[in-house]
Structure formats: C-alpha cells, structure tokens
C-alpha cells in the first residue's frame, strides 16, 4: 500500500520532533538495565519454590515427626525470608553513593556482584552460610531498586518515562515467574510425614536454581561492555562531557534537535551543583520545610506499598495456599499467580502515560481493598467453608492484578519524578530504603501469622489500603510529562532561594 504525501509529512514531522515508537533506541538501553530487574524478581521468589527442599536436606526438623513443620523451621525460615529484605535495606543505603560514580557503572557492578553471590549461594551447606548469602542477595536487590529506575529515567524520552519505567516492574514479575517455572522440575516437593530422602536430582536442582542468576548476570555484563557503553546524558553533562551528552540525547530522541532536553538537563545540573556548593545534603534538606515535605511524602508512599501484602504473596504464597489447598495444587496455583502478575504488568506500559501516575495509584488501592476486605470478613465468619477458601484464592488474584497495573510499577517511576534534582539521588535512596524496612516488618512475621490465621493479614492489608487511598488522594500530585530534575512539590523560585543563598 502506497503512503500518501500527508502520511510521509506526518512521519517526517514526528522524527523532527523526536517522536518515535516504543521499540526505539531507548528500548534497547532500558532492556540492558532490566536484566538486573529480572534478577531482582528471581532472587525474591526463588526461595518460595525450593525452601522445603532446603529444610529437608539441612535437617532443620531432625528428630521431629513432621520434617517440614517444626518450631526450628518456622524460626529459621522466617529469618531466611526476611534476610533478603534486610540486605535490601543496606543496599538501598549504599546505592545513593554508588550511582554518583555512574549509572551504567552501577549496573556493571551489580551484575558482577550477583554473579559472585549466586555462586556462593549455590554451594552453601549450613543455615548460617545460606543466611549470609541471602543477605548479600538482598544487598544486590537494594542496589537494583535505585540504580535501574534512575538509569531508565535518565535514558528515555520525557514523554515515555512512564512506559519505559514500567519495564522495571515487568522484568521483576518475569523473574518471579521464571523462578516458579524452574521449580516445577522438582515436582510437588518433599512430604512432611515421609522419611524418604531427597533424590539426587532434587539436591542438584535447587542449587542450580540458586546458580542461575550468575548466567543472567553474564548476559548483563556482556550487554553493557559490548553494546551499551554510554553513560546517561544527565551524568555525562554533570561531568562536563557536553558533546557526549548531546550525542546520546540524539539517539534517545532520534532527532538532531535536542536543544530542549539538553537545556532541561543543564538547568537540573546547575541546580544540583548549586545545592552541592551550598551543602544541601539530605540532612540539610530535611531542615527546610518544603524539601522535608516532599521527602516525607516519598518515604510514606514507598513504605505503604509493602502494606498491600505483595511480598507476602511473592515470598510466602506456598505457605499461604497450604491453608486452602491440597499440596498437589499449590505449585500449579503459584505458577498461575506469577504468570498473571507478569502478564498484567503489560497494560501498565500503555495506561501509565494515558491515565497518569496518581490515578493508577488510586485505582490500585481500590483493587486491593476489594480483594482483601470481603475475604477478611468471610474468614472471620466461617474460615473452613469451601466458599471462603475459593474466595481467598480469588482475592489473591484480584490483588495481584490490581498491584501489577498500579502500585507495583508506578512507585518506582514516581520516586524518580517527584524529587528535585538536588536531592533526587539521596531522597530516592531513602524512600527505597523505607520500602524495604516495611517489607521486613510485613514479611518477617507472615509465616507465623499465616499458621495462626490468614484473616489477620487480610484485615491489616484492608485497613492499610484504605489509609493509603486517602493519603494518595489528598497529598500526592501528578508528575506525568514533567521535565527531568523538576518537582511538582517545590517551585523553581523556592529551590533557587535555597540554592543561591550564601554559605555560612
């Protein structure tokens, strides 16, 4: 079919203005970073699939009638589940420092780190060594939490930051899905009342599953070393490499006219440099009401995400489903759940720029409430009825879908759009750290609470989703389409007032 002159003119105008399709140059750069997001999701989920095999091989319930359910296993499993999140807190705290040396360099360090840690985890033989290895895995995840969204934010067209930002969450869910799929090779898992030892294949396979991220890390290293050697335009400009910054912007915007984004970066860098000269550190910013306000909002928004209960479902779903299902259905349902989580993240790529960040966050809270509240009430009335068991399972899927298209991907986009450039690195790191601290608070006791009464979790998550809805409705502002380094919470005049005053 021959194109009309009008169509050709329209295409040329699009190129001139730097408008291109989703699968543009930026897409390739984003993919190179999202390999780390995949490792993130895989590392969070892998233990959920293979935990019982480790319990049997390490004999945590030795001498007990039930080799899977004993007090020693409950305590050690809780520590093992929480160790990743504790490590992530430490990683987030360090990530703000690491990204100062380069966004691409940060990713390269992360891939090398995961390569070594995955090997270490696969050769552990004791509780203390596997606990240490999982802490290190969590540390790497904490680095990913800040580095990848920052890289994506600085390597993409301003009108597509949301869509590309969703890819971080998409690859996290893909990693979760792959971890569960690989676990299928071992079957249903060891029986609690059996004395039969693990097969040689099972003993080998769970270690290979821990080793798998090292292979993915090598792919990430290869991508950055061979194909994607450039740093982000913001970082390059900040280091005085103006022409390099301009050249990479031409690739990102697919046009020679990049004056507008270059000027936006210039203004952001100047504000950041002024902040450094005037010693506007995170602690200094917290003393200024306008900056303190946006930092607190970011930390609250980040922490509240964990009270949707998403990491309880991801890291401990097998334990939760034991309350409702026979063992032969648990693995199948976990696979379906992770597949839904992965697939339902795709719509967010397209709707995050159409509906905006705030609208998606609000609808996500409504979805979580609709999922949990009826389930909590039904569990209190008659926990053992088949209807309540089915309702509980359906609720987890409604929650997963709601999270996948809203709070999951949107938070990491928002944290790198809400803060002004002079505090973005440190404030985003702090907010991410708060997210992982809240994950520990939620995940650590979940194993014990599930055994006592799952409805307690449903009630807590229901109440928190209501509080989160009103918090977002009244306090959170839209950031869609904003220039890099700006903030809807602090005017340029307010920022300049603090940037231009003399150092005392």
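From the backbone N, Cα and C atoms, a Cβ is placed for every residue, glycine too.
According to Swiss-Prot, the feature topological domain 'Cytoplasmic' maps to 1-29, 100-104, 151-165, 229-293, 353-358, 414-429, 477-504, an assignment based on a curator's inference. For 30-50, 79-99, 105-125, 130-150, 166-186, 208-228, 294-314, 332-352, 359-379, 393-413, 430-450, 456-476, the entry in Swiss-Prot reads transmembrane segment. Here Swiss-Prot flags 51-78, 126-129, 187-207, 315-331, 380-392, 451-455 as topological domain 'Extracellular'. Annotation comment: Swiss-Prot describes 61-70 as disulfide bond, evidence class experimental evidence. Under the heading beta-D-glucose binding site, Swiss-Prot lists 169, 305, 311, 341. Taken from Swiss-Prot, the feature alpha-D-glucose binding site covers 169, 305, 306, 311, 412, and the record attributes it to experimental evidence.
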Residue 341 (beta-D-glucose binding site) and residue 306 (alpha-D-glucose binding site), distance between Cα atoms, whole Å: 16
Result, the transmembrane segment (430-450) in contact with the transmembrane segment (79-99) (3+ CB pairs under 8 Å): yes
Rounded Cα separation (Å) that holds between residue 412 (alpha-D-glucose binding site) and residue 169 (beta-D-glucose binding site): 8
Listed binding-site residues (169, 305, 306, 311), ranked by Cβ neighbours within 10 Å, top entry: 169
Touch test for the transmembrane segment (359-379) and the transmembrane segment (105-125), at least 3 Cβ pairs under 8 Å: no
Proximity verdict for the transmembrane segment (30-50) and the transmembrane segment (208-228), three or more C-beta pairs under 8 Å: yes
Integer average pLDDT (0 to 100) for the topological domain 'Cytoplasmic' (414-429): 82
Outside the transmembrane segment (294-314), six or more residues from its ends: residues with CB under 8 Å to it: 44-45, 48, 85, 176, 282, 285-286, 320, 337, 341, 364, 368, 372, 396, 399-400, 403, 407-408, 411, 414-415, 418-420, 423, 427-428, 430-432, 434-435, 437-439, 441-443, 446, 457, 460-461, 464-465, 467-468, 471-472, 475-476, 487, 489-490
Nearest recorded site to residue 70 (disulfide bond) by CA-CA distance, among binding-site residues 169, 305, 311, 341: 311
Proximity verdict for the transmembrane segment (208-228) and the transmembrane segment (105-125), three or more C-beta pairs under 8 Å: yes
Remote residues contacting the topological domain 'Cytoplasmic' (353-358) - C-beta distance under 8 A, at least 6 residues beyond either end: 159-160, 162-163, 410, 413-414, 417, 472, 476-480
Two-stretch contact, the transmembrane segment (430-450) and the transmembrane segment (130-150), at least three Cβ pairs under 8 Å: yes
Site extent for alpha-D-glucose, whole Å (max Cα pair distance, 169, 305, 306, 311, 412): 16
Cβ contacts under 8 Å made by the transmembrane segment (456-476) with residues that lie 6+ beyond its boundaries: 297, 300-301, 304, 307-309, 312, 358, 361-362, 365-366, 368-369, 372-373, 375-376, 379, 392, 395, 446, 449-450
Alpha-carbon spacing, residue 305 (beta-D-glucose binding site) to residue 61 (disulfide bond), which is rounded to whole Å: 35
Residue distribution over DSSP helix, strand and coil in the topological domain 'Cytoplasmic' (414-429): 10 helix, 0 strand, 6 coil
